[in-house]
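Chemist: TrEMBL feature annotations, pasted as is:
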- 1-90: domain '2Fe-2S ferredoxin-type' (DOMAIN)
- CYS112, CYS125, CYS127: [2Fe-2S] cluster 2 binding site (BINDING)
- 184-366: domain 'FAD-binding PCMH-type' (DOMAIN)
- SER299, ILE300, GLY301, GLY302, ASN303, ASP315, ARG379: FAD binding site (BINDING)
- GLN711, PHE742, ARG855, GLY1029: Mo-molybdopterin binding site (BINDING)
- GLU1202: active site, proton acceptor (ACT_SITE)
Amino acid sequence: MSLVFAINGQRFELELSSVDPSTTLLEFLRYQTPFKSVKLSCGEGGCGACVVLLSKYDPILKSVEDFTVSSCLTLLCSVNHCSITTSEGLGNSRDGFHSIHNRFSGFHASQCAVEAEKAVSGNLCRCTGYRPIIDACKSFASDVDIEDLGFNSFCKKTSLPRFDSEKRVCTFPEFLKDGEIKCIDSGTLKWCSPESVEELQIIVGACKANSDVVSMKLVAGNTSTGYYKDEKEGSYDKYVDLTRIAEMREIRESHNGVEIGAVATISKVIAALKEIHMFGKLAAHMEKIAARFIRNFASIGGNLVMAQRKNFPSDIATILVAAGASVNTMSLSRGLEKVTLEQFLQGPPLDAYDLVLSIEIPFWHHEGNSGDVVFETYRAAPRPLGSALAYLNAAFLAQVNLDTKEIINCRLAFGAYGTKHAIRCKEVEEFLSGKVVTDNVLYEAITLLGKIVKPQEGTSNPAYRSSLAQGFLFNFFHSLEKPGHHLDQPMLSSSQHVPIDKEFYPVGDPATKSGASLQASGEAVYVDDIPAPTNCLYGAFIYSTKPSAKLKGIRFKDNSVPDGVVAVISCEDVPKSGKNVGFKFASFTEPLFADELTLHVGQCIALVVADTQRHADTAANLAVVDYETEDMEPPILSVEEAVKKSSMFEIYPFLYPQQVGDTLKGMSEADHQILSSQIRLGSQYFFYMETQTALAVPDEDNSIVVYSSCQIPQYVHSTVATCLGIPENKVRVIARRVGGGFGGKAVKAMPVAAACAVAANKLQRPVRTYVNRKTDMIMTGGRHPMKITYSVGFKSTGKITALKLEILIDAGATLGLSILMPSNIIGALKKYNWGAISFDIKLCKTNLVSKAIMRAPGDVQGTYIAEAIIENVASSLSLEADTIRNINLHTYESLALFYKDAAGEPHEYTLSSMWDKLGVSSNFEERVSIVRMFNEFNIWRKRGISRVPIIYPVSMFATPGRVSVLSDGTIVVEVGGIELGQGLWTKVKQMTSYALGLPKCGATEELLDKIRVVQSDTLSMVQGNFTGGSTTSEGSCAAVRLCCETLVKRLKPLMEKSDGPISWNKLISQAYAQSVNLSASDLYTPEEKPTKYLNYGVAVSEVEVDLLTGHTTVLQTDILYDSGKSLNPAVDLGQIEGAFVQGLGFFMLEEYITDSEGLLVTDSTWTYKIPTVDTIPRQFNVEMMNSGRHEKRVLSSKASGEPPLLLAASVHCATREAIKEARKQLRMWKGEDGPSLMFQLPVPASMPVVKELCGLDIVESYLEWKSLVNSSL
């Protein structure tokens, strides 16, 4: 019996008996086909990197149905007679790119319409900031106007390339239309697909009769394995596919209601319910569950079974309980049964042989002749459009006399708040039935509800969840009087003002990113896309779960070696001539493998090597590490403990920032002082889409080639050589491109490459690893947490006279590049004129995972510290924070005092004028008044607006380059900088074209097309240095320019000998004929002093806070950024938007939570929430300012990669303003007089944090106040 399907039109036929039924479609695509556009990023269905188009043929309707699915969850056997289309199948570089690829490229949407927004709501992107992706999607709308779309390369053409919307995306292969899909149980096959309930009963009965030897799994969409990952590792003898049973797929409407087959997909259910007006809100709520590509394959019955069997926090269960749904089940012991959904959820967990056949939703009929039926659903989740579990969900069905507001009856359901399953609050239902809705009645109902909805012990944010239940109940009944609180988010819109300077053309041109179409089509090759060499093995890390312990040994569960395991590589396998080193940078080193002691949780203990990546990952999960903690000192798990035990890393004097002025004098001159105020900042994970990965291949003469996804190939090179104990000329590290880095592929990529190298050296076989997302999150750490204590003195006018700081930085167990943190923090913090500033900074050594230099390392914390101080000063003086900011902006004189030579020339200081300019262009003052008025007339929503400046110092550093001209006139370029998605190759190509084009040999555009930038190779491009600090593109361009100047100098004599203009190709032919050296290399070293310069930006952000949930909507952000003379405005615009959105994640969303021993708890897409398209500013305006000529910069350009991240602090500050208004209102309700108490808004300002500061008791307080007001009338 065969499994037949197509991928991009190509036929695949496999013998079903030879296929492991647990194999996913993604595994087959990546390991058994040449198609690599689908990527493994999370393995949970939570990111969209592995999405494919799946097409099915309906022989009865003779039509093809297309829908997207997550290939990392879809089982290969379930695609029998289906057609799969990947991005390569739409178009490619050989056959021509598809319109989608061209639009993504043209809209600059590739770096690593409401329907358009919803369509990508489940897809994660860490690079672009989403805006260009949305514009690219909107461009396919039939009524779109190119003028309404964001900055793109089609603007010059006045119209978009033609797209035929009637044409199918792909052609369904004819060979899949023939033949029946039969896969019945033969007794020997592991996968079977019954076609009727009767067949299913026979198969299940046979499995149960042999349950001692046959384990069985019922399968529909298999999406549950994204949440319950242990299911992926489970081994079953029989997989029973339910999706071929027609009666379990059908959705039938009758006069009583709707019956939904249990394996009907959630998407099909949504479509059916939308057709029934009564059930429209059920459908609307279901659209907020998961991502569309999950809903397309996930079954409604599977969702309910997860809720019943495993207490999954299901939204569907909650809303269907309120809707009065029932379920039809089949049990071998009890037969067919029908029970209410509420009874079903409360019953004992279904065993493996019981299943749900269908779900029935009754039409809601009036009881008696009076009253209207009102139904509403609610959910509070970090993301409005799904792909996030709810803190609490609820649904209410009530029959109400809308004239008298009498509640005839009601059904109130709550779920996902830390309870086993969705519940009905029958005590509250009984209390409300027959009562007229009044403030007093609502107050009693809410009080009663608070006693019922109590999360189980151990649930996060329990008080917040209970408060949500009360808020939703209040909103439902209160809206009977004043409807309108349930509002949809405004549609995304944006504007971009991008200066285009042609002085150095094509430098300065907004050219599309080099390789953008290759990335969009999936043809761009990353490390894990490199075909596996013969006899390749795969590794997975075993890491420590104890912060400080003695290692006693490693074994596997059940003391049996898991399938496919070849070796377990540890410190004992490091060659005797080498060193156990996983990081080497200058004189600093860190161990590769833990030796006798663990230093921190997440420390690498060993690398399991197996025949497949899945076997390696499974074995690592089955590994048991034996520890001993007896007679061990307690681990240091906080900066306070580190100070107490004097556990510090030395900060070298030349890396310690300089103090400014006399703080004692400044404090004595102050009218007011705030003393010893504290701030705490947590961590942030990189969340690059490509996790850590490497491939090591043994080569001749005891040498090794390592393919590494890294930002610092030079140091990966020296680390591997040191670890193996071989000369550096026997190590070759190749890095073509990196799928996102943000600093995480700098230090943290080194041990990954080194571990593969040690294993390859030991086994003399190629070894590669692609670190799974959970392991990556636990082992790589993230941004530096810190504790700040400050004292500040200031005048009554708001002018600050002195600032004293004590900063304790958690560097983790090893130093890494944490030595850069002190100067970075102070560099960003000095953006205001503090009068005088002094500080005591300590790098604390703890038994926590070593921190890495994440994008804007220290700078983002520094800018936040500055804003927190400004806002504290403003609150103490009862002045607006914007006033305090304005008063304390630098003049050029104070700037020069604080930043020394980095301040540059007076004309280069643009911040004060930018502050005023953005104030005007964003209508700041007018909007402040509008916000004030809004807050006065809205009780349950408050707005805030804030304007924030940034100063960001960057440094230039040595960068190599090589330019070679080939015999046909084409040009190949090598640079030390790595393409991370930041457009480095694009700028390098433009610089090469400009510098080589100066002799005017042919059109510059033609020259640009001849240039190719190639991968970094450490044996070819030595002294590669590192890619980071925002200036690598500039340095690489400067290096290339030097090379080109050398080549032009060599070609000049030939040009002078020609009788007139000479074409480029002819010139090169003559040069080859005369043996002119057409390869030039150079090392750019920043000779201009200073090597450091300042970047400036200002942002205005306006937010709206929902006081019932704590949800913050960013209504509008306006950014003005000084980009100098941009090398490529399109690339820099993407960097500005992407950095800002990553900063938004740090300030508002991303909760990096660890347990008591420091082990990361938020270790998946289910628990760690980066920004998505539904969390970015609804109106996103960016203006890039061309500040003119900067003689000491590379063609007057400035950095853009990291500085804009700091501007996201404006959202946090605006949120604080909104909370301040909410607290003022709450104090009025409570009758509290006097000045409002100062408060600190933590980072991130997540929904529970915001709600708690607005008042968890806000509804009760309001009703009590209303009662007092009414009683006094």
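Heads up, the Cβ atoms here are built off N, Cα and C, so glycines get one too.
What does the local environment look like for each feature on the list?
Modeler: If you average pLDDT over the domain '2Fe-2S ferredoxin-type' (1-90) in this model, you get 94.
A simple way to gauge crowding: the CB of ARG379 (FAD binding site) has 25 other CB atoms within 10 angstroms, across all the protein chains here.
Counting Cβ atoms from all protein chains shown, GLN711 (Mo-molybdopterin binding site) has 26 others lying within 10 Å of its own Cβ.
In this view, GLU1202 (active site, proton acceptor) is surrounded by 28 other Cβ atoms within 10 Å of its Cβ, with every protein chain counted.
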Chemist: Checking the recorded positions ILE300, GLY301, GLY302, ASN303, ARG379, GLU1202, which are within 10 Å of PHE742 (Mo-molybdopterin binding site) at the Cα level?
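Modeler: For PHE742 (Mo-molybdopterin binding site), the recorded positions whose Cα atoms are within 10 Å come to GLU1202.
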Chemist: When you measure from the Cβ of ASP315 (FAD binding site), which residues in the chain that are at least 6 apart have a Cβ under 8 Å away?
Modeler: HIS285, MET286, LYS288, ILE289, ARG379, ALA390, ASN393, GLY415, ALA416
Chemist: Between the Cα atoms of ASN303 (FAD binding site) and CYS125 ([2Fe-2S] cluster 2 binding site), what distance do you get, rounded to the nearest Å?
Modeler: 27
Chemist: Mind telling me which of the binding-site residues CYS112, CYS125, CYS127, ILE300 has the densest Cβ neighbourhood, counting other Cβ atoms within 10 Å?
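Modeler: Neighbour-count leader: ILE300.
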Chemist: Could you check which of the binding-site residues CYS125, CYS127, GLY1029 is the closest Cα neighbour of GLY302 (FAD binding site)?
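Modeler: That would be CYS125, nearest by Cα distance.
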Chemist: Closest of the recorded positions to GLY301 (FAD binding site), Cα to Cα, picking from CYS125, GLN711, GLU1202?
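Modeler: Checked the recorded positions CYS125, GLN711, GLU1202; minimum Cα distance to GLY301 (FAD binding site) goes to CYS125.
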Chemist: May I ask which of the recorded positions CYS112, CYS125, CYS127, ILE300, GLU1202 is closest to GLY1029 (Mo-molybdopterin binding site) if we compare their C-alpha atoms?
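Modeler: Nearest in space to GLY1029 (Mo-molybdopterin binding site), counting only the recorded positions, is GLU1202.
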Chemist: Between CYS127 ([2Fe-2S] cluster 2 binding site) and SER299 (FAD binding site), what is the CA-CA distance rounded to a whole number of Å?
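Modeler: With the alpha carbons as reference points, the distance is 33 Å.
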Chemist: Roughly how many Å lie between the Cα atoms of ARG855 (Mo-molybdopterin binding site) and SER299 (FAD binding site), rounded to a whole value?
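Modeler: About 40 Å separates the two Cα atoms.
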Chemist: Using a 10 Å cut-off, grab the number of neighbouring Cβ atoms around the Cβ of ARG855 (Mo-molybdopterin binding site), all chains included.
Modeler: 24
Chemist: Under a criterion of Cβ-Cβ distance under 8 Å and sequence separation of at least 6, what residues of the same chain contact SER299 (FAD binding site)?
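Modeler: The answer is ALA220, GLY221, LEU242, THR243, ALA262, VAL263, ALA264, THR265, ILE266.
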